[in-house]
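Everything below concerns the one structure shown next.
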Amino acid sequence: ALRLAGGRSRCEGRVEMEQAGSWGTVCDDAWDLADADVVCRQLRCGRAMRVHGGAAFGRGSGPILRDEVGCEGHEEHLWDCPAASEHDCSHKEDAGVVCSEHQEWRLSGGRDGCAGRVEVFFRGTWSTVCDNTWYRLEASVLCHTLGCGEPLQQLAFGHTLPGRMLYQCESQQPSLAHCQWTYNKSAPCHQSRAAGVVCNGMGH
């Protein structure tokens with residue numbers, strides 16, 4: 001089994017694998033995009049956008065199961081790649097990755113991080129969100145995800161970024177990525193404005 005831990009979605013974080021019943025980490029020696037690509041694909045998270053070493057997503061625990069991983073990038077599983085099982089690493093060298101299907105959000109142009117235009121980082125670029133299906137529920141999910149409390153007010157802006165995302169939530173979810181979403185489909189976003197929100201919490 002394989003998972004990413006310590007990130008903001010299931011498609012970002014410290015690489016952890018299970019072996020003989022216990023979870024462990026991977027050392028960042030020789031950790032590169034080809035290795036990370038295999039992880040992202042195995043987790044159905046798209047492609048690797050960024051690789052991280054030095055325990056960027058926090059230090060893991062348990063055994064360090066792989067060192068000097070040498071994937072070519074086409075392997076189906078991380079454990080199919082050549083690697084050293086002996087290592088000279090500590091958890092401060094735990095490897096991590098950000099995959100293309102990872103989504104993160106920010107509110108920009110407002111008084112602080114809890115107000116402004118909704119922008120989503122996805123597939124390596126920042127995009128705006130179409131307001132056609134942006135209602136109180138979607139705003140509430142986002143304010144919660146950002147640690148900003150509840151939505152106070154909806155705002156509308158222009159689309160000035162290359163990509164557009166559309167979200168539709170049926171219920172309160174841990175993040176917008178758990179709702180239904182479509183990316184860069186022009187029809188539903190036709191004549192939309194870019195969604196914005198003021199949450200009642202204070203950002204930094």
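Placed from the backbone N, Cα and C atoms, the Cβ positions cover glycine too.
These features come from TrEMBL:
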DISULFID  Cys71-Cys81  disulfide bond
DISULFID  Cys169-Cys179  disulfide bond
DOMAIN    2-100  domain 'SRCR'
DOMAIN    105-200  domain 'SRCR'
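Looking at Cys71 (disulfide bond) and Cys179 (disulfide bond), their Cα atoms lie 33 Å from each other. Across the domain 'SRCR' (105-200), DSSP assigns 17 helix, 42 strand, 37 coil. Close to Cys179 (disulfide bond) in the fold, though at least 6 residues off in sequence, lie Glu138, Val141, Tyr167, Gln168, Cys169, Glu170, Gln173, each with a CB less than 8 Å from its CB. The disulfide-bonded residues examined here are Cys71, Cys81, Cys169; by Cβ neighbour count within 10 Å, the least packed of them is Cys81.
Helix, strand and coil counts under DSSP for the domain 'SRCR' (2-100) come to 16 helix, 34 strand, 49 coil. Looking just at the domain 'SRCR' (2-100), the mean pLDDT is 95.
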